[in-house]
């Protein structure tokens, strides 16, 4: 099976890249694509760059040029739910934009005109990720909504404003909704699997620097387990 894995930063893709066999890397429009073999699958590992525009552009190139059957977006995120801690893993059930507001024209908050209010992750991929998480003893793994915006959420006031909009939000980051929207338009199944590098609003910038590598390791190990179980 041909599976694409997307991470925004070098720290988020380095470990998985080192695990690929027969790896070949090429750069297209500033985006790094590495093809290789892992767990019996042909894997295309994309380093997309940070933010929604980079994520949307690179995911479009990925789907047009490499035509993966499924897409997994991995990396770090900021925890939003009160039950979460740094290092925990969140599996998306749904992804939304938290910085889109066209409510003046009767759209839901976060809804892009012409698109659904949120983008549902593939149920089979979510179920598979849930199955893999049952073996995790030292890391809390949960599933829920992830929201995306082009801002790092270190301001408590902004965090509070987003909490008011999305009561069931588990994590925030800067690429997933763009990846999900492109996958939705191409009708390619996707899931987002993110490990928490910080808790949004609680000295997030300090925590992010300290725990990015830990989050990257947790998310990568989880991705490998999913690939091993994927048939």
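The backbone N, Cα and C atoms fix where each Cβ goes, glycine too.
Remember, predicted model here, so these are calculated numbers, not experimental data.
DSSP gives residue 12 (active site, proton acceptor) a helix state. The Cβ of residue 12 (active site, proton acceptor) lies under 8 Å from the Cβ of 47, 74, 75, 76, 216, 219, each of which sits 6+ residues away along the same chain. Annotation comment: Swiss-Prot describes 12 as active site, proton acceptor, evidence class sequence analysis.
Cβ neighbours within 10 Å of residue 198 (active site, proton donor), excluding its own Cβ and spanning all shown chains: 26. The DSSP secondary structure for residue 198 (active site, proton donor) is strand. The active site, proton donor annotation in Swiss-Prot covers 198.
The annotation substrate binding site is assigned in Swiss-Prot to 78, 153, 174, 175 on the grounds of sequence analysis. Residue 153 (substrate binding site) falls within neither a helix nor a strand when secondary structure is assigned with DSSP, and so counts as coil.
You'll find the Cα of residue 198 (active site, proton donor) roughly 14 Å from the Cα of residue 174 (substrate binding site). Secondary structure from DSSP puts residue 78 (substrate binding site) in a beta strand.
The most densely surrounded of the binding-site residues 78, 153, 174, 175, judged by C-beta neighbours within 10 angstroms, is 175.
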